[in-house]
Amino acid sequence: MDVQTLTFIIVGLSFALYIGIAIWARAGSTQDFYVAGGGVPPFANGMATAADWMSAASFISMAGIISFAGYDGGVYLMGWTGGYVLLALCLAPYLRKFGKFTVPDFIGDRYYSQVARVVAILCAIFICFTYIAGQMRGVGVVFSRFLEVDIETGVYIGMVIVFFYAVLGGMKGITYTQVAQYCVLVFAYLVPAIFISLMMTGHILPQTGFGATLADGSGMYVLDKLDGLSAELGFAQYTEGSKSMIDVFAITAALMVGTAGLPHVIVRFFTVPRVKDTRISAAWTLVFIAIVYTTAPAVASFARVNMIDTINGKDGSGTAYADAPTWVKNWERTGLIVFEDKNNDGKMSYSAGKLEDPNSANEVKIDRDIMVLANPEIADLPAWVIALVAAGGIAAALSTTAGLLLVISTSVSHDLLKRTLKPNISDKQELLAARLSAMVAIAISAYFGINPPGFVASVVAFAFGLAAASFFPAIIMGIFSKSMNKEGAIAGMVTGISFTAAYIIYFKFVSPELNTPAHWLFGISPEGIGIVGMVVNFVVAAVVLKLTAQPPVEVQQMVESIRNPKGSSAAHAH
Amino acid sequence: MTPEIAEVKQFVIKQMPFSQLPEAASHFFATHLEVVYLTQQNQHQWLRSTHLFLYLVRSGSYDLLSASGEVITRLAEGDYFGYPSLLTGEAIKNQLSVTTPGLVYVLTQSNFDFLRREYKLFEQHFVKAHANRLLSSHYKQNRDNWSEQKISDVMSRGAVALTPDATIVDAAKTMSQYGVSSIIVSENEQLLGVVTDRDLRNRVLAQERDPHAPLSSIMTQSPKYVFEHNRVFSALHLMLKHNIHHLPVLNEHHVPLGMLTSTDLLRQQKSDPVQLIGNIYKAQSVAQLKLLAAEIPLLLKSFAYNVEDTSLIGKLLSGLSDALTARLIAIYQQQNGQAPCVFSWICFGSQAREEQTLHSDQDNGLLLPNEVTQEQRTYFAHMSEFVCEQLALCGIKRCPGNIMASNEACRGTAEQWLARFENWIYAPTPKAMLNCKIYFDLRFIEGSSALYGEFTSKLAKLKKDDLFFAAMATDINTNSVPLGLFQQLKLEKDQQHHKFLDLKRRGVVIINDLVRLYALKAQIYKANTLERLEALLSCDLLSKNDVYDLKDCWRYLTQLRLNHQLEHDHLPENCINPADLTSLEKHQLKEAFYLIKQAQQACAFKFARGSL
Amino acid sequence: MFVKRWWQKVYKQFQLKQYEFEALNYLVVDIELTGLDVKQSEIVSIAWLAIEAGRIDLHSAQYHVHKDVKALEQSPIYHGIDESMLKDGASLEHIMCNLSQALDKKVLVCHSALDWPFIKQASAMTSISVEPLCMVDTMAIEKKRLLSCGQPIAGDSLTLASCRKRYQLPDYQTHHALTDALATAELLLAQVNAMNAGKRIKLADLM
């Protein structure tokens, strides 16, 4: 059976699984009235959170970025992992104690202001849009390859699938569907990684294979070989960064604190009834995320070695285009690999290229987002593994998109419409508004998925940057400073997000030609500017606070009681 | 002073009874009325049973229909309606069908009462109209008509009588002591006259007569009377003919037995269930109670076909359970001594919501004061065991979930109960949610209402945060309506392979759960679903349309369930076989389920952000 | 600040229009004038009554004759108001003061938008501000309804009496401010009920 048929079957099966679970979960219990349902165990909730967490960016793009950027790509890994820990340890417990379900609700109540709530809602919607755009691109890449269409059509197909799945399917973030999606995703990620690790290093665990010697008898370490290859081809050394320290720091920090403000993940902390279970569930999530994240660097380097080997040939002189491996041909169709025979030798060569020497010019342009997906093909793995990876990529995108669409649609229909603009709207209209807003969200994100301002992971990085610049300071000050007032918080959020958005838009859309370290503020790239936005937010908030009145006493007392651990645990002592 | 509008005044002054009243009456009416435009669509809004009004048709035409849908009378310009409820204080039962929409003048109860007080003619006009309505309408059609009952079955026994030489003060004291509005004046067991509270006003106070004068000076001499073997109908006739409200009842030897009042007759409109409840409250022994309880299923059967408002059935059954419980508690105390300290017997679940069915089981508990001793606890343990046991023998099954006062856990002090509730709220596990669904519907039955009141006000103050509501919304969404992907009805099967639809669990229960969630959110502390919905109208958690929709669905499903429950025995309780439904019924059923599904989704949306 | 106030105003109006008809209170006002020219004509008499929760409350009715009218002109013939009645009338300040109170948080209802300039002018003259939530004009509603049915609009088809006839409302003697106010109020209820046909009418549908 060819790859395409297998992909259809496996992706189809995975969908059948999700839909089956959704139906089973909705079917309701037929058991006795006086017996309670099972509830979601922390273990399962941990998996569901991990699925929400791991987007197409994590699944498809992160390894690709590491693969191409080497050490620099590690910022995503560090930022996201750190962000999760920050969220689980520093924010979720307090928000839970506050009893608020969403960040806008928290901000609205903590800052006793409808304006603050609306600003927060708008920020949340904006962030979600950016995040979904990344997902749409991810889905598009998967579909374009396996249906053998160009990326644009791929995004359209992805759009339709997401629409049916999330909008017509009732748009419910059902925990067990997410669990299934995590399983598909992790399986799809690990299987090829293990295969390749075995083939290249003889180690079953990609994590150990990553630091081991190659099995081809050369006795070289994987990373040494990569460094060698990179240097040979004119790239920076794989294990050394090209980014300035401050930029790496900024991106990592922006990703970290931005993560903490991501609306769809926070909700998952509240679906577990007991506080104790929340902690266990958060720990499980970390384990499940770690499984994928620790594999990513290994996948990245294996893929790179393999890719350079197959394109440039074992001896580095280049493979004849006529004999090019099938994966090159396959991906060429999507437009994500472009071969241009600059020196007319009929051979492909991949290198950093030097301008003055046309013979050394890079002839193969490879989109970074294809690395994970193409990896099994490059390594000549069986067709079903390739199909599995496709299913995994879609699972990653779907789980995150469903969560984000829920945030957008509830924010628009409930927070904005029902609670602010039209209080006497009926349930039917509210649901309709939710569906429509989700549809619009998908359409807009698809547009950005087709015309992306960057790669999946970088697009997502913008979302994180925006979250870092808007929510994070408001939440932190809301919890840890009882004197912060609404004027300060609102001013902070507005300036933070505007500053960051303006910076990103300027460098990515208005004058992309200026997007070099020389023109950046403090040498911080648009990906990392969120952290500056955050600082701006803090400063503006502090200044405005000085100029305006203190918050009401009851708010101050409330903040005091949140931080005081006795308050909430007393209820559980019974 | 409010100016009168010439056009309104001119119209009013031409109408009965104003044409016979002083001009001031018309002026009062013309300046105190409100004008509504009555159409088929908005009539429910105006004919709400909670607010009683007098209606006078200014333009348009309407058919007045009885509860069963028969035309009682056609209303056109100058006709009144709504006065029977104003006179009896009962909810409006009749319906309107609007032929031509038009203007209707509306007068509030207080203004109606003012005119009634001020102008005797005004009152007479409406009392007469009411009586004519009673006689002319469906009461004639019922075969075992209450008006054909013997007076002896209807009247309250025991004549409150005084001799003619008793003073007016004596009469007034006796009347207030017995709580009656009239007194028989007799000598040697022979009827001499009647004194009513109206006489005290008109003939004593108004004329500044000496209150120590003998009764004979103010009594109505040789009054009209009836015999105990007469039919109610003739008494009614007599009252209407002479416009009197009190009739002494005599036996064959003309010995006064008691007084029949117009209120007694009006009370007869309510059917026997009320009597049954009354009898239960009077029962002196457990054996008697069981006999009375045995009548319930039969009573329900005859009663259920005659009511159009099905929520009444639930109320009735709950009322019977309340009465049985209260009586059993009293009997226990008679036999084993008074309770050693205050207590409140409370009920939960369907009994609290007043939605009991014949199949409902007991859900009850005992609320004790915080300082209760171990010894006192033992007393209550025995009492609870007795009451629950006897209730089971009276046909109200023991609770399979053991939510009964006989269970140690359901017999707590206010503090213990609060701690339980608090625990459920702060750790909303599925088990806790199940408990919330049962225990948050609670109602006081017997004992100290102060203790209960204090407890509920504390319960209301427990902070319920968003996580709790999210958990409730999630829990509601674990249940689903029996609709398939293409809105087809999805049937369940039992062991005997009967296919059926569970109207209760998959319909009514979901509505109850939804309404409870909204009620808790809106801080509404009522247990009855329809009352909660009514209260929800005044807050903007749910739009008015949604409230009306839920109400209609609830009523429809309850009605359907009841009709089929009475007819079929082979299906599991509360279930119906859709093959028995007409296609219209099926369509309505689907519609109802669809509305519930939508409300469910919206609730997951509003409270749980769509996460399940 | 200006932008904020402007936005608040726009937003308030928008929000207001989303209210269902019965959620708001209305004050139906009718004015009898000496003529139609805002500059020269004067208010002879004014009457109003309130609609609350869809009910016309006759107890809220007020009727005032303006005592300082300079030239009655045709009024004795049209409105039946002569010099003797003016003596018992009230000052414009008194009238406007009452009107301003009655209009508080209510929607102003008139038959024809012509009355509003006179109220504005009187408000300016007495410097007592009248601030209805917004204005509803039953004549405009009728016009819109007729046009949407494709009916031609003849010269007198929009008078109060002919509008009422269309809804089979009773015939009233016109040209008494209080009767006209009631007539307008009844007309509004009839229009709203004719428009809704089952669904709830919003204020926006009336404007």
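One-based numbering along the chain as shown.
Each Cβ is built from the backbone N, Cα and C atoms, and glycine gets one as well.
Look at TrEMBL and you will find A:6-25, A:77-95, A:115-133, A:153-170, A:182-205, A:248-270, A:282-303, A:381-410, A:431-450, A:456-476, A:488-509, A:529-549 tagged as transmembrane segment.
Counting Cβ pairs under 8 Å to the transmembrane segment (A:248-270), the top-ranked stretch among A:115-133, A:182-205, A:282-303, A:488-509 is A:115-133. Residues of the same chain lying 6 or more positions beyond the ends of the transmembrane segment (A:431-450) and with a Cβ under 8 Å from any Cβ of it are 128-130, 132-137, 139-140, 151-152, 155-156, 158-159, 162-163, 166-167, 171, 405, 408-410, 412-414, 417, 425, 459.
Note on the transmembrane segment (A:488-509): residues 107, 110-111, 113, 115-116, 119-120, 123, 126, 453-454, 462, 465-466, 468-471, 473-474, 477-478, 515, 519-521, 525-526, 529-530, 532-534, 536-538, 540-545, 548 of its chain, located 6 or more positions outside it, place their CB under 8 angstroms from a CB of the stretch. Comparing A:182-205, A:282-303, A:381-410 for CB pairs under 8 angstroms to the transmembrane segment (A:6-25), the maximum falls on A:381-410. Contact counts against the transmembrane segment (A:182-205), taken as Cβ pairs under 8 Å, peak for A:381-410 among the stretches A:77-95, A:115-133, A:282-303, A:381-410, A:529-549. The stretches the transmembrane segment (A:77-95) and the transmembrane segment (A:282-303) meet in space: the count of Cβ pairs below 8 angstroms, excluding pairs fewer than 6 apart in sequence, reaches at least three. Between the transmembrane segment (A:381-410) and the stretches A:115-133, A:282-303, A:529-549, it is A:115-133 that has the most C-beta pairs under 8 angstroms. The list of residues near the transmembrane segment (A:282-303) in space but at least 6 beyond its ends in sequence, with Cβ under 8 angstroms from a Cβ of it, reads 42-43, 45-47, 49-50, 53-54, 58-59, 62-64, 66-67, 73-74, 77, 80-81, 84-85, 88, 92, 182, 185-186, 189-190, 192-193, 196-197, 200, 206-207, 209-210, 222-223, 226, 238, 269, 371-372, 374-375, 378-379.
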